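**Student:** One structure, as structure tokens, below. Some questions next.
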Amino acid sequence: MSKPPPKPVKPGQVKVFRALYTFEPRTPDELYFEEGDIIYITDMSDTNWWKGTSKGRTGLIPSNYVAEQAESIDNPLHEAAKRGNLSWLRECLDNRVGVNGLDKAGSTALYWACHGGHKDIVDMLFTQPNIELNQQNKLGDTALHAAAWKGYADIVQLLLAKGARTDLRNNEKKLALDMATNAACASLLKKKQGTDAVRTLSNAEDYLDDEDSD
């Protein structure tokens, strides 16, 4: 009886490594890669042979080679976002690296893209249907806090248009508006908060009207 096929890997379960040496395959099933190549491990169900992808090619890699001859990259999406490296970010997403993963600071890749002012990275992350806009890191800051603090009005505008919340406070009880370092960011945030306040008031009035009509 043949064993069932391995379950497809879930986003976020992909392990990512950088090859320290070139690997020469001995069989057609094995994956060739060179020193410095990024390897995405998608199936570790076999203890001896792992399935991996590099430069669009997929094949088998001896697990002991990866363990001994490759450098683990813990948060590749975050690194790509910090550096503004769009091609690497796209490759990570294509290889199902989780878009909402958190680094040691509790930050997402979106946070670092906003912190660095990398609008093209933010645009690419926004193509992911399950992107989390309002994740707060260990300091309580969101991507909107980061963009406002660094003064990137174009990114603040993108986040607000996507539906980022303006009412979240960080550990110092500060809103994104309180963190804004220039007039353009502050103006966008004030306008959005004003719109939200009017909408909330309108909803409350509708609720009271409904109660009165009962």
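Here the Cβ of each residue, glycine as well, is placed from N, Cα and C on the backbone.
Quick paste from Swiss-Prot:
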type    : residues : note
DOMAIN  : 12-71    : domain 'SH3'
MOD_RES : Ser2     : N-acetylserine
MOD_RES : Thr200   : phosphothreonine
MOD_RES : Ser202   : phosphoserine
MOD_RES : Ser213   : phosphoserine
REPEAT  : 72-101   : repeat 'ANK 1'
REPEAT  : 105-135  : repeat 'ANK 2'
REPEAT  : 139-168  : repeat 'ANK 3'
**Student:** Quickly jot the same-chain residues contacting the repeat 'ANK 1' (72-101) by Cβ under 8 Å, restricted to those at least six beyond its ends, or write none.
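**Tutor:** Residues packing against the repeat 'ANK 1' (72-101) from afar: 9-18, 38, 40, 42, 53, 107-110, 112-113, 115-116, 118, 120-121, 124-125, 128, 130-132, 135.
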**Student:** Can you tell me the mean pLDDT for the repeat 'ANK 2' (105-135)?
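**Tutor:** Over the repeat 'ANK 2' (105-135), the predicted model scores a mean pLDDT of 98.
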**Student:** Count up the helix, strand and coil residues in the repeat 'ANK 1' (72-101) according to DSSP, in that order.
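**Tutor:** For that range the per-state counts are 17 helix, 1 strand, 12 coil.
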